[in-house]
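Feature annotations, courtesy of TrEMBL:
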type   : residues : note
DOMAIN : 11-123   : domain 'Oxidoreductase N-terminal'
DOMAIN : 168-229  : domain 'Alcohol dehydrogenase-like C-terminal'
DOMAIN : 281-393  : domain 'Oxidoreductase N-terminal'
DOMAIN : 439-498  : domain 'Alcohol dehydrogenase-like C-terminal'
Amino acid sequence: MSGDEEVANKQVILANYVFSGLPKESDMQVITSSIKLKVPEETPGILVKNLWLSCDPAMRPRMLKLEGSYAESFKPGLPLNGYGVARVLDSGHPDFKKGDLVWGITGWEEYSLITSTKGLFKIQRTDVPLSYYTGILGMPGMTAYGGFYELCSPKKGEYVFVSAASGAVGQLVGQFAKLLGCYVVGSAGSQEKVELLKSKFGFDEAFNYKEEPDLVAALKRLLTAKKFSESTEISPEKFYFNSDAYNLHEIIMRIIKLQLREINWQIMAMGGDGIEEVANKQVILKNYVISGLPKKSDMDVITSTIKLKVPEETPGIVVKNLYLSCDPALRGRMLKREGSYIESYTPGLPLTGYGVARVLDSGHPDYKKGDLIWAITGWEEYSLITETKGVFKIQHRDVPLSYYTGILGMPGMTAYGGFYELCSPKTGEYVFVSAASGAVGQLVGQFAKLLGCYVVGSAGSQEKVDLLKKKFGFDDAFNYKEEPDLVATLKRLLPASANLSVSKGVPAKLQIIPSIRGCGVKKYKLDMGEGQISSQSNGGT
């Protein structure tokens, strides 16, 4: 059939706006119009044959006459539209060609002319049923994945509550939570759906909220203090909500507050214009740590709020923190000191350190929403970073993002620069690394082995010594806390004829070595009566 010929095109149109209640069959109408299977000239759109259409709850408010909404209302007399899967029959767009399979917003009709392709996704994988692109591989899957992993970001063993749990998004949230090892409770509107949640979707518990005369009692029965204490050893507990069923959210929050000392929670919004202000869990410094190692009581976990929008005329970024690094250098910032190259922490404010984050909003031309970065960020769920000088955009995402808190981040740069640029040893030379099992030390040792050096490390426990030799490939290692004579130990492990590169400090009496090139910590933890107090004042450089 020629593309210029018209074909019949069955459509589902909106007959009238639906101002209250559920849509009725009479609110819609099936008609047959006609369409040319050819994209009009100079139109950068595509003509598609619709294969699968998805009926989503988000279509209901679009049947109202709304103004100022993020999604336009349907128009009486025109076809409904929603997510679907289609095959391209003709294209005026360079990114699509005849025969391509796509998913995105399309009309509730047999054939559609799509003139705006901005939200259209080309299907690359056809080894799964195409209907999956209206579910787990389409909008419901993206919503569930993003809300669960990116916004809520729970941990194994935590409790997850899902309302509307048998819906397209809810059932996926529940299964993602089970895959993560969470305890999952869901609510639905019929016993049939409840059975489906438990028998097919793997929920640990579920209930029909319509048949519960006392929702408070039902929730107390399913979410007991005993279960809370057994779910994880970490307190306080954390709860996550997909909230859109009656007043379940308010009831649940009231119950939990009665049962637990402190609650930290996130709401996963399923509609509207998005959450402007969200809960933001933070780790703050309570008091300066004058001596010794930091104690749990020196810090506190609090929940504040944050707007996920950069203030106007601020050249910063708002980020969702994904990984945070706990570095030894943070200890020095817990002291009150002046004149340091880096500022002390301020009691009552969040700790900061290196981390990996995703940009949620940007007022800076170098960063956009969705970018992944590593930088100094807050010990909190969300951060507003106003100083972007030390922010690095992540270009390579084909490695675990946690690597940017290690070998691809500050520890890796420190190890690489100190070893290759400052020490610059040669193949066959001896390298000594103290604090060798730390984030920097272990990398220095492995760089040295790659270069063909003989590597000796020191650490503070036998477990760490075994790790150095068995996993990190050190030629030798020792526990400095168990060596009564460090000079004798070093003479035993480092021949007198060796040329030595030193990383992370070394004991003072190294007259046994003719040549030393040093880099790293010189003195550390002087007030603690333990640890290796080191000096590089002896030996050559």
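Each residue, glycine too, has its Cβ placed from N, Cα and C.
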How does the domain 'Oxidoreductase N-terminal' (11-123) divide up by DSSP, counting helix, then strand, then coil residues? 9 helix, 47 strand, 57 coil
Tally of residues which DSSP labels helix, strand or coil - the domain 'Oxidoreductase N-terminal' (281-393): 7 helix, 48 strand, 58 coil
What average pLDDT is reported by the model for the domain 'Alcohol dehydrogenase-like C-terminal' (168-229)? 83
Structural state census, the domain 'Alcohol dehydrogenase-like C-terminal' (168-229) (DSSP three-state): 38 helix, 10 strand, 14 coil
Structural state census, the domain 'Alcohol dehydrogenase-like C-terminal' (439-498) (DSSP three-state): 33 helix, 10 strand, 17 coil
